[in-house]
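Everything below concerns the one structure shown next.
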Amino acid sequence: MRIVFMGTGDIAIPAFRSLIRHSDLAGLVTQPDRPVGRHQVLTAPAIKNIAREAGIPVLQPHSLRSPDALSNLRRLNPDLIVVMAYGQILSQEVIDMAPMGCINAHASLLPRHRGAACIQSAIKSGDAETGITIMHIVRKLDAGDIIAQISTPLEGSETGGTLHDKLARMTPDVLLPVIHSIEKGTATRIRQQEILATYAPKLLRADGKIDWTRPAEEIGRMIRAYDPWPGTFTNYWNRKKRIRNMKIFPGFSILPEAEGKPGQVLSAGEQGLLIACGSGGLLVTDVQLEGSTRMNISQLIAGHPNLKDIHFDV
């Protein structure tokens with residue numbers, strides 16, 4: 001069974017490597033090389049380099065809707081198309097191209113957290129578990145029939161980054177058996193319950209602004225979920241009465257008994273910066289001021305002795 005893999009994000013790499021080892025991989029479709037960094041160096045997706053090393057043909061169309069892109073994809077003659085973190089919405093023509101189907105590996109337990117920010121959303125929502133879903137692709141976002149799922153508990157210490165890596169490692173454990181069942185004609189199809197669907201749209205940097213009127217527990221989940229992307233930040237007024245920005249990183253503690261006006265600095269010491277929330281307080285230990293580098297609270301206090309007078313915007 002000839003398989004074409006479509007993927008760009010690093011979360012897709014373990015699945016792609018497993019297909020190189022255990023299947024007849026006809027090709028990789030990934031996003032075009034992009035300018036990266038301050039100097040805008042044209043950089044290939046990491047998965048492209050892996051494919052090249054393995055001698056796998058690579059397609060990088062700007063749009064899979066163009067006649068040339070569709071023609072090149074047909075020439076790979078796929079029996080099955082497998083998608084994970086590709087980055088383009090597929091047309092019905094692509095979905096129907098492979099006779100054995102077009103399936104997707106999605107990093108949540110569907111129908112919960114449909115969309116691009118599924119990993120962050122599971123942490124931010126305080127879910128007890130999350131996982132990987134293998135499903136048939138349909139035109140509606142992440143709404144296709146489920147073939148299989150694998151789950152993992154959320155322990156309350158994960159960040160968006162650590163959970164991303166864990167789910168990436170888990171994917172081959174559910175994907176390979178699904179592919180074998182499709183080849184044998186024994187794959188199951190379970191319709192998603194629309195009434196249970198939730199959505200996790202793509203995040204922007206502005207989504208990381210902290211609302212200090214929210215409970216400390218909720219803000220803490222947001223900080224963990226949005227690390228490393230899009231990050232969390234808060235604004236404050238400096239001595240020159242200009243609004244400044246401060247990023248906040250995981251490494252905090254939650255103090256349920258703390259009381260104060262949301263955004264108020266209750267204390268500033270070696271243990272951290274205690275900020276009042278809508279309920280409870282957040283003891284922050286690692287921050288980054290606008291135009292500076294990441295630092296601990298001791299370093300922050302050394303350069304800003306009047307932290308107690310700061311009030312963060314809600």
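Glycine is treated like the rest: Cβ placed from N, Cα and C.
Copied over from Swiss-Prot, here are the features:
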type	residues	note
BINDING	Ser108, Leu109, Leu110, Pro111	(6S)-5,6,7,8-tetrahydrofolate binding site
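Ranking the binding-site residues Leu109, Leu110 by other CB atoms within 10 A of the CB puts Leu109 at the bottom. Under 8 Å, Cβ to Cβ, and six or more positions away along its own chain, Ser108 ((6S)-5,6,7,8-tetrahydrofolate binding site) finds Arg114, Cys118, Ile119, Ser121, Ala122, Thr130, Gly131, Thr133, Ala200.
Counting every protein chain shown, 20 other Cβ atoms lie within 10 Å of the Cβ of Pro111 ((6S)-5,6,7,8-tetrahydrofolate binding site). The (6S)-5,6,7,8-tetrahydrofolate site is set by Ser108, Leu109, Leu110, Pro111; from the centre of their CB atoms, other residues of the chain with a CB within 8 Å are His106, Arg112, His113, Arg114, Cys118, Thr133, Asp142, Gln149, Gln192.
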